[in-house]
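Asker: This is the structure I have questions about; it appears just below.
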Amino acid sequence: MADLKRTQPLARDAMAYVLAGGRGSRLKELTDRRAKPAVYFGGKTRIIDFALSNALNSGIRRLGVATQYKAHSLIRHLQRGWNFLRPERNESFDILPASQRVSETQWYEGTADAVYQNIDIIEAYGPEYMVILAGDHIYKMDYEMMLRQHVDANADVTVGCLEVPRMEATGFGVMHVDAKDNIIAFVEKPADPPGIPGNPDFALASMGIYVFKTKFLMEQLRRDAAEPGSSRDFGKDIIPYIVQHGKAIAHRFTKSCVRSTAENEAYWRDVGTVDAYWEANIDLTDITPELDLYDRDWPIWTYAELKPPAKFVHDEDGRRGSAVSSLVSGDCIVSGATLKKSLIFTGARINSYSTLEEVVMLPDVHVGRNAKLKRVVIDHGVRIPEGLVVGEDPALDAKRFRVSEKGICLITQDMINKLGL
């Protein structure tokens, strides 16, 4: 019987708990009205869909999402797109906003507190394992592989880790490991990150993914909640304590990342800045992008609105509706405009004689005639006035719009309104 249990998927005995309450302030105005996990990505999905899809594709059928900052857009998306799990099949999907369940504190105080405040719900479901996930990264990963390593090693916690160049790891929590990937120390954003044994130019950076046995995690959360000096955070409190007093191991992302081909690199992106967000979206327009959204074996689930197909109209010199090396979603009408290497979400209306190059356009944007836009991100519902030119004069752009370190313009409706056009 023990041998039979070893061959059965561990994911069916696990609950995935997604931490989705963060603002993501480095995305500037893109998160003024929505939490970072609710930000649109890839022409059809939201950022949170990747963590949830990984859980579902891995075989996990109990999902929870903790929300906090400006959660309406996120909650509405989850209600529409993730309501197909059924209790009668031993499945569940719970949206868990901060609600003063165990204290009179209105907000979740930290990532660990976001789990602790819902401890009664978790214990009622009774999963054997907990998979704690960050809801704001873009990647494809089979959590079953990480669960299996956790059980085989009889670990107290298993931490998902990325191999990154050592001097790029200063912005992460970094694992100091031995030759068997046992975690010796956990260092938060170190100035001099410890290297990997045998590969000293690289470091193991935390992905914000943790696997625990549920009973052990509940014990740690209750212990931490009783500590008056704790910040109630996994990275700052829970994980360092277990490293010091228990058994913590590192799980390398390369062991469980989902690739379309064996030659593909392990793809993981933190799209936490305007530059990173724009670049990750525009990368999808490549002939063979690193992130394969067309993989039928590992689909990214989301809310799919009932929309008509995209339409391209007019076929005259200088007024030809066309798109080259671009992704154009449903319910878009490209009317005599030219798109190059751009990603367009649903509901766009792009009018004649306009040219768009390397543009990321969120849903329901209207572009007037004769507009010229290059290297921009356009927020949801913006009305681009006729004849607007962006991307040719950096000094002028900086006076009117948000311009990133790498020269990407972020355009919102409030910025357009101030132009007085």
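Quick reminder: no glycine exception, Cβ is built from N, Cα and C everywhere.
Feature annotation from Swiss-Prot assigns alpha-D-glucose 1-phosphate binding site to Tyr108, Gly173, Glu188, Lys189, Ser206; the stated evidence is sequence analysis.
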Asker: Look up Glu188 (alpha-D-glucose 1-phosphate binding site) in the DSSP assignment and reduce it to helix, strand or coil.
Answerer: strand
Asker: Which residues, sitting 6 or more apart from Ser206 (alpha-D-glucose 1-phosphate binding site) on the same chain, put a CB under 8 Å from its CB?
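Answerer: For Ser206 (alpha-D-glucose 1-phosphate binding site), the qualifying residues are Val159, Gly160, Cys161, Leu162, Phe172, Gly173, Val174, Met175, Phe186, Gly235, Ile239.
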Asker: Can you tell which of Tyr108, Glu188 has the least company, meaning the fewest other C-beta atoms within 10 angstroms of its C-beta, among these binding-site residues?
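Answerer: Sparsest of the binding-site residues Tyr108, Glu188 by Cβ contacts within 10 Å: Glu188.
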Asker: Select one residue from Gly173, Lys189: among these binding-site residues, choose the one with the most other Cβ atoms within 10 Å of its Cβ.
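Answerer: Buried the deepest by this measure is Gly173.
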